[in-house]
Amino acid sequence: MAQHPDPYAGGVTPDQEISPPSAHFGEDGARLSYGTYLRLGELLDQQRLETDAHDELLFITIHQVYELWFKQLLHELEAARQAMFDDRLWWARHLLNRVHEIERILIEQVGVLETMTPQDFLQFRARLAPASGFQSVQFRELEFISGAKDAAFLRRFRGLTEAEAARLRRRLDEPTLWDAFLAAMRAHDLAAGTDDEVSASLRIAAHDRGGYGDVWELAEALMSHDELSAGWRARHVTMVERMIGTKTGTGGSSGASYLRSRLDFRYYPLLWELRSWL
Ligand code: HEM
Ligand SMILES: N[C@@H](CC(=O)c1ccccc1NC=O)C(=O)O
């Protein structure tokens with residue numbers, strides 16, 4: 001019989017020398033364990049159901065996972081914005097590639113929630129009102145930093161804490177990814193004052209990738225971010241129609257028809273228009 005290594009001996013077999021505990025990798029610092037490092041005690045204590053409906057745990061888990069990824073996306077987008085201002089375009093692209101992968105997961109994840117049937121959702125839906133995804137502060141922060149600053153959302157938000165309102169106001173004051181992209185264009189001697197100038201410069205970059213490859217690739221990365229965000233909105237609304245049909249939303253909107261009215265929305269219309277003029 002093959003001898004299995006003792007997992008607590010750092011992968012060595014019993015006949016090999018076992019290093020003293022003090023030399024074990026990673027144990028000379030804060031004496032972390034998996035659970036203490038990841039704060040699993042706190043994390044796994046945050047799923048508090050309002051009802052005893054079986055599917056409510058899935059509903060809460062999915063939303064919490066979304067919010068964790070939103071936090072990560074904001075972290076990456078802030079850094080990508082800074083990288084563009086610093087003209088470190090390779091780093092901005094690297095981070096935006098990560099953003100795209102996360103956004104693909106966000107779209108894919110909708111299917112997990114759709115394993116819930118509409119009648120099972122109705123077992124706890126009434127208890128959720130007036131809460132709704134409309135009140136996701138991080139979702140709105142993502143829209144603001146991406147370029148879609150709309151102060152009307154701040155006014156329409158119900159139940160914002162002072163800290164959340166401050167976060168949103170800060171996002172309204174900050175430059176967007178698009179502002180940072182325009183700065184990067186200028187740093188590469190491309191005019192980026194008016195929309196017409198930006199469009200003309202984008203055409204120049206598109207047709208001279210030898211000279212403007214970094215700027216072009218960045219424009220494409222922003223395009224993917226925009227496309228994936230639109231993809232999430234479309235996926236969300238089909239899920240909504242499957243779950244509640246034409247019912248009004250718990251957040252007080254008309255529901256799917258409000259969400260459909262946002263489907264044509266794009267962060268970077270000039271990048272989309274460019275396609276018609278190449
Ligand atoms: C059963 C599943 C879901 C249903 C039926 C649903 C339904 C709705 C409805 C009807 C609205 C419009 C606001 C209102 O309630 O009046 C809305 C908005 C929103 N939902 Fe959901 N939702 C679901 C799952 C999710 C998930 C998993 C997320 C992920 C975070 C999410 C995020 C949002 C966001 C961010 C908005 C605001 C969108 C905007 O203003 O453009 N929803 N949802
Ligand atoms: N607005 C949804 C309920 C809902 O999905 C929801 C409720 C509370 C917290 C987050 C939610 N997710 C997205 O809107 C509805 O009208 O059924």
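Each residue's number is its place along the chain shown, starting with 1.
The backbone N, Cα and C atoms fix where each Cβ goes, glycine too.
A TrEMBL annotation is a machine prediction, not a hand-curated record.
Annotation for Ile60 (substrate binding site): same-chain Cβ neighbours under 8 Å, separated by at least 6 residues, are Gln47, Arg48, Leu49. TrEMBL lists Phe59, Ile60, Thr61, Ile62, His63, Arg125, Thr250 with the feature substrate binding site.
Around His236 (heme binding site), taking its Cβ as the centre, 19 other Cβ atoms fall within 10 Å, counting all chains. Marked as heme binding site by TrEMBL: His236.
Taken from TrEMBL, the feature region 'Disordered' applies to 1-24.
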Since the record lists Thr61, Thr250 as binding-site residues, which of them has the fewest other Cβ atoms within 10 Å of its Cβ?
Thr61
Going through the binding-site residues Phe59, Ile60, Thr61, Arg125, Thr250 in sequence order, which have a CB under 6 Å from an atom of ligand 2?
Arg125, Thr250
How many whole Å apart are the CA atoms of Ile62 (substrate binding site) and His236 (heme binding site)?
13
So what sits near His63 (substrate binding site) in its own chain, CB-to-CB under 8 Å and at least six residues off in sequence?
Gly133
